[in-house]
Amino acid sequence: MTQKKPITVAITGAAGNIAYSLIFRICSGELFGNDQPFNLSLIDIEPALPALEGLVMELQDSNFRLINKTICTTDPFEGFRDADYAILLGSYPRNKNQTRKDLLGKNVSIFKIQGKALSFVAKKTVKVVVVGNPVNTNALVTAKYAENIPKENIVALTRLDMNRSISQLSRKLNKNVSNIKNVFTWGNHSASQFVDLSNGYLLEGSKKTPLTELVEKEWTYGEFQTTNQTRGKAVILKRGRSSAGSAANAVIDLLKSWIYGTETYVSMGVISDNNPYNVPENLIFSFPCTCKNGSWKISKDLKPNDFCKKMIKKNVDELVSERNIAFGLLQD
Amino acid sequence: MTQKEPITVAITGAAGNIAYSLIYRICTGELFGNDQTLNLNLIDIEPALPILEGLIMELEDSNFHLINKILFTIDPFEGFRDADYAILLGAFPRNKNQTRKDLLGKNSPIFKIQGKALSLVAKRTVKVVVVGNPVNTNALVTAKYAENIPKENIVALTRLDMNRSLSQLSRKLTKNVSNIKNVFTWGNHSASQFVDLSNGYLLENSKKTPLTELVDEEWISGEFQKINQMRGKEVLLKRGKSSAGSAANAVLDCLKSWIYGTETYVSMGVISDNNPYNVPENLIFSFPCTCKNGTWKIAKDLKPNEFCKKMIKKNVDELLEERRIAFELLKD
């Protein structure tokens, strides 16, 4: 029986908390299957190398039979070599007094290098999930410089926002999360993010009940939005640490949808070229997507209402402004 | 199609780091299967309640369809109700200047209460994995007071030590861990722990090569033991945090072996009654075990050599002394 060839999974920010929650789950075979061995390429900055070594020791002590090879490096040109998947967790963290422009400035140079490295050494078919914030613009910069990689292969994680909104609806309606479909976010992973449930439904047996029949409009545009936006802060307040476990879970959910397909809509931050909702091209924008045969497709024929269109425009303006700042700083 | 009834999984120390690495992997279906729904009972002490709440928020935000119900409590008599599985991660932590007697003194009352609670409210068939240190004696105290639970149902985790020794051998021999079998520890999860590879073998295709033919005796009784004993400290030094991920993985491995069976030997800290190696009864002692139909059995017909017998005796003496101290402190 021929065994499958190993695939290569590269992870930046590999010494961090999201990685710690993510990597053990990947190694268990949950994402790629119990018969798919893989090479792990763990990338982080120099000060994090001891923590990375400690992680590798723990992975060895977990006796994961699916791990073929592990490398640790500070160099993305080494780390992304032959990558089939690249998960970009690492980014420059936000300081208290830092403006968004500063944050963009610190991060664009990182993602420019990563884009170039991916272009140079990764497989052309590499699927890239960007997580480090500000995620939409970091993903756009990556796509800009990853000239050999189709822009469609680079996705920003907006799945956690979707999962949180489904979790909120689950509590509101007292129903299992798996019965709630087609709820997603538009736009930027920021305070402007807008959760749209107007196409969502509750599935019980074969019966589909539109969510708009089950919750009030005021709640939909008010508390539903604010609870979602502040969920991350609420978790930090309780745990004393940020939501690494649920963020890692969202990465896995995103990749499962992307790789194995989904007919119901999921949130993905994708390149806006040729979208049917008047979002300008060349932005990474969270859209409702379906997936099939390893590619995503923006869902057509949704009819955003006026409030939704207003929120879409707000997100467009914000992302265009971020792009201007980022590309301005990157002028060669 | 009738869905399975949910099983109840109770976890103490649920707000801690090992729990954070463990619970997500349980919720994916990795341990109990993709069709087995769960009730999660999360138990911890009062100061940890906010963190527990934060964990639950994250589990909700992970949209695990297998979670039926989650409760959190500081009361084991509530937390262990109807438990099918109880994983006792929590224990009083060791202070710098604390003697082992102090540590035993702080922990014995905790595990006495947990034993009584399990006896009163858990299912009689509950499988209990004790992890909190000093694990062997904590497990013994639990077994002593869990009068309605067969002593065979209470196991101390010594799997991490076994996994670490396999990982070490994997590096030494440059072979995949899954090819190395029948290596295990005897005795106490302490500095006296002894890793025995005298029955171990390397499996390649269908060829079994005894490990004793591949490594020299000096290494076996010297460096092999020392590196294993130091591994936890080494990880702590590199990561700055203790080995939560690999410990959680060992809990999963222990339960997988116990529930689904294993013909090759695995390390389990089990009640020593009726063992074939002259270990006094009424100790929780790490033995090589096989598992079938949900029960473990101490592997017979192994012939410990002189060095091994010496190490077994050392562990016996240590555990007898711990038992003496613990039971003395618990005298009603």
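Including glycine, each Cβ sits where the backbone N, Cα and C put it.
Summarising the annotation, TrEMBL assigns domain 'Lactate/malate dehydrogenase N-terminal' to A:9-154. For A:Asp44, A:Asn107, A:Val131, A:Gly132, A:Asn133, the entry in TrEMBL reads NAD(+) binding site. Marked as substrate binding site by TrEMBL: A:Arg94, A:Arg100, A:Asn133, A:Arg164. Here TrEMBL flags A:158-323 as domain 'Lactate/malate dehydrogenase C-terminal'. The active site, proton acceptor annotation in TrEMBL covers A:His189.
Among the binding-site residues A:Asn107, A:Asn133, the residue whose Cβ has the fewest other Cβ atoms within 10 Å is A:Asn133.
With a threshold of 8 Å between Cβ atoms, the recorded positions A:Asp44, A:Asn107, A:Gly132, A:Asn133, A:Arg164, A:His189 that neighbour chain B are A:Arg164. A:Arg164 (substrate binding site) is 13 Å away from A:His189 (active site, proton acceptor) when you measure Cα to Cα.
Cβ neighbour count within 10 Å across all protein chains ranks A:His189 highest among the recorded positions A:Arg94, A:Arg100, A:His189. Packing around A:Arg164 (substrate binding site) is summarised by its Cβ count: 28 other Cβ atoms lie within 10 angstroms of its Cβ, all protein chains included. The Cβ of A:Val131 (NAD(+) binding site) has 28 neighbouring Cβ atoms from other residues within 10 Å, across all protein chains displayed. The Cβ of A:Gly132 (NAD(+) binding site) has 25 other Cβ atoms within 10 Å, all protein chains considered.
Non-local contacts of A:Asp44 (NAD(+) binding site) by the CB criterion (under 8 A, 6+ apart in sequence, same chain) comprise A:Thr12, A:Gly13, A:Ala14, A:Ala15, A:Gly16, A:Ala51, A:Leu52, A:Cys72, A:Thr74, A:Gly90. In sequence order, the binding-site residues near A:Arg94 (substrate binding site) (Cα within 10 Å of its Cα) are A:Asn133, drawn from A:Val131, A:Gly132, A:Asn133. Note on the domain 'Lactate/malate dehydrogenase N-terminal' (A:9-154): DSSP counts are 66 helix, 26 strand, 54 coil. A:Asn107 (NAD(+) binding site) sits 11 Å from A:Arg100 (substrate binding site), taking the Cα positions as reference. A:Arg164 (substrate binding site) sits 16 Å from A:Val131 (NAD(+) binding site), counting Cα to Cα.
In this entry, substrate is bound by A:Arg94, A:Arg100, A:Asn133, A:Arg164, whose most widely separated C-alpha atoms sit 24 angstrom apart. The secondary structure of A:His189 (active site, proton acceptor), as reduced to three states from DSSP, is coil rather than helix or strand.
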